[in-house]
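Per TrEMBL, the features are:
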type     : residues                                                                       : note
ACT_SITE : CYS516                                                                         : active site, nucleophile
BINDING  : CYS314, ALA315, ALA316, PRO317, GLY318, GLY319, LYS320, ASP338, ASP365, ASP465 : S-adenosyl-L-methionine binding site
DOMAIN   : 221-596                                                                        : domain 'SAM-dependent MTase RsmB/NOP-type'
Amino acid sequence: MQKGRDFIKAIRRSFFTLHSNTSISQMDQSTRYRYSPTLKWNPMVEEYFIKAYGADHFSRISTALTRPSCYSCIRVNTLKSTSDAVIEKLLEIFKERGMHDVAVQESSTTWEPDNCCKATSKCTGSAESLKAIKSISKCQFPGLDYVVFVEGSGPHAIHYGDDEGKPLKEVIVSRKCAEAVLRGAQVYVPGVLACSAHVERGDAVAVSVAVEQYGPDGGWGVAMTRGTVLQGSQEDPYYFERDGFYIGQATAMMSRAGMFRVTEGVAVDMKERVYRLPSFYDLLEGEIFLQNLPSIITAHALDPQAGERILDMCAAPGGKTTAIASLMKDKGEVVAVDRSHNKVLGIQKLAAEMGLSCITTYKLDALKSVCNGAESDSLPNTSSAEDARTPDLLSTGIDGFDAKLLFEKNFNDLQLKDGQYPSKAELRKRIRQLKNGPGRNHTAGGRVEKSKGFSPNSFDRVLLDAPCSALGLRPRLFAGEDTIDSLRSNAKYQRRMFDQAVQLVRPGGVIVYSTCTINPGENEALVRYALDKYEFLSLASQHPKIGGPGLTGSCQLSDGFVEEWLRPGEENLVQRFDPSSDLDTIGFFIAKFSVGPKNI
């Protein structure tokens with residue numbers, strides 16, 4: 001385990017050495033054209049987090065959240081490939097893209113940070129984009145050798161040409177677009193908010209970010225009309241607010257007029273980035289899945305066994321669902337539910353790409369997961385035989401051609417409902433859908449089964465990766481909208497979902513609860529709630545144990561409410577991933593519960 005920790009630390013030291021050795025002197029040329037964002041928080045939320053972590057620690061967390069992790073984490077689909085095969089294929093792809101110096105880091109070696117940074121410290125111009133990847137290696141934590149790390153580089157000093165005595169040509173992008181660019185994406189047309197006058201295809205442009213500001217109406221927003229013309233003066237919108245929010249230099253792929261006339265496509269091609277991380281879009285589809293390390297560890301904490309029946313309560317986008325199915329060797333049943341039709345379709349697509357057949361998907365609100373009595377519906381109702389339906393369909397007045405169309409498309413949901421078939425209006429609506437195709441909110445050909453819920457005690461294990469404030473995701477450039485009330489609302493919602501999970505898991509089973517937030521109210525406070533309310537629940541040890549300990553004690557909020565966290569002795573039974581730690585992950589939390597006899 002220590003070997004894996006040392007390996008991550010080496011990656012992190014190598015990633016940041018360039019900043020200390022080569023970037024400062026260049027960045028001092030300008031206090032404006034640099035990347036040094038300060039994360040804005042709601043004052044009451046900031047006060048709460050300072051009480052929880054201490055001022056210095058929270059400052060480090062807040063700074064870490066504005067930067068991407070120094071490496072990309074890839075989960076290899078072991079049903080289709082191996083880590084060694086994936087590394088070999090990726091090296092070939094990188095060479096085709098001009099990246100010939102990517103090193104394969106063997107598990108038996110250690111990294112020399114000074115040597116690692118030499119490859120990038122002297123790079124200038126567009127050639128730097130070819131140095132996005134420094135090394136590729138297998139994860140060295142026990143049991144995770146199917147995980148591959150790809151190391152990036154940064155932060156890099158960018159020479160924007162601001163010292164040449166003429167105004168820069170600039171493009172301002174939205175905050176969400178910028179966060180994606182920091183993770184390796186390109187700037188697409190919808191993400192562009194403003195652009196300098198007279199920008200033509202092929203021009204070099206500096207890319208900066210417009211972050212939400214507090215408005216006179218008491219809300220947060222970007223007070224900028226899309227298509228605004230930048231003059232390069234202090235009168236430009238967000239001129240001063242963009243100090244320290246420059247994320248790189250790019251080449252315009254279309255004129256300024258084109259950026260605001262078309263609806264899709266790459267607006268500017270990022271040539272020099274502050275952080276250089278590879279994009280894995282459309283690479284080795286079905287063989288690899290880009291996934292944060294704590295998310296992979298969550299599936300391991302659940303410890304799924306072949307032949308079991310497992311529920312993933314909030315399954316989209318399907319990363320943990322497919323990780324669980326892979327650990328089960330695709331034997332058993334993983335039930336994946338989400339309340340969004342399109343997200344369920346996404347899970348189906350991912351499972352098909354990865355060749356997993358043990359995953360069953362349903363559209364279902366996690367708050368309605370339990371269905372008692374006769375209405376319990378683990379499997380959807382199927383329609384009756386076609387010959388039994390034909391007279392009823394014809395009796396509705398649907399003509400023979402349309403009735404034939406329904407039969408040819410095998411509309412299985414034309415079963416009896418409360419003793420009656422669907423109305424004529426419903427049938428005609430479905431016929432129109434068949435003739436005209438799916439609506440814009442549905443994937444063509446996609447079909448999602450709805451569930452009425454599941455019987456109590458019907459699952460061996462339940463994963464609740466709960467919807468949360470997501471205050472651990474990185475890079476993050478804005479956090480001002482979250483309030484104490486919204487954080488409390490999240491916690492109440494999560495407790496209701498956890499109550500559903502407790503009813504669904506059988507005695508002797510396991511519940512794993514996880515979030516991607518640094519908020520103790522959604523993490524340790526949920527554990528305290530669960531242990532106090534359900535005497536038959538107990539915290540269980542997790543393997544592998546990579547994250548740090550949880551928070552103990554309590555915190556009194558400004559309104560006098562006392563939030564209870566873990567008690568001494570419980571902190572080492574959970575995993576808390578700190579974005580400012582040497583592991584350099586997103587902020588994340590995992591708790592595992594063993595379920596005893598429920599008659600206690």
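Any Cβ shown, glycine's included, is placed from N, Cα and C.
Locations of recorded TrEMBL features on the structure.
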{"residue": "CYS314", "record": "S-adenosyl-L-methionine binding site", "Cβ contacts under 8 Å, 6 or more apart": "VAL337, ASP338, ALA366, LEU464, ASP465, ALA466, PRO467, MET497"}
{"residue": "ALA316", "record": "S-adenosyl-L-methionine binding site", "Cβ contacts under 8 Å, 6 or more apart": "ASP338, SER340, LYS343, VAL344, GLY346, ILE347"}
{"residue": "GLY318", "record": "S-adenosyl-L-methionine binding site", "Cβ contacts under 8 Å, 6 or more apart": "ALA336, GLY346, ILE347, LEU350, ALA351"}
{"residue": "LYS320", "record": "S-adenosyl-L-methionine binding site", "Cβ contacts under 8 Å, 6 or more apart": "SER295, THR298, ALA299, ASP312, LEU463, ASP465"}
{"residue": "ASP365", "record": "S-adenosyl-L-methionine binding site", "Cβ contacts under 8 Å, 6 or more apart": "ARG339"}
{"residue": "CYS516", "record": "active site, nucleophile", "Cβ contacts under 8 Å, 6 or more apart": "ASN292, PRO294, CYS468, ALA470, GLY472, LEU473, ILE586, GLY587, PHE588"}
Quiz item: What average pLDDT does the predicted model assign to the domain 'SAM-dependent MTase RsmB/NOP-type' (221-596)?
Solution: 86
Practice problem: State, in Å as a whole number, the widest CA to CA span among the S-adenosyl-L-methionine-binding residues CYS314, ALA315, ALA316, PRO317, GLY318, GLY319, LYS320, ASP338, ASP365, ASP465 given in the record. | Solution: 19
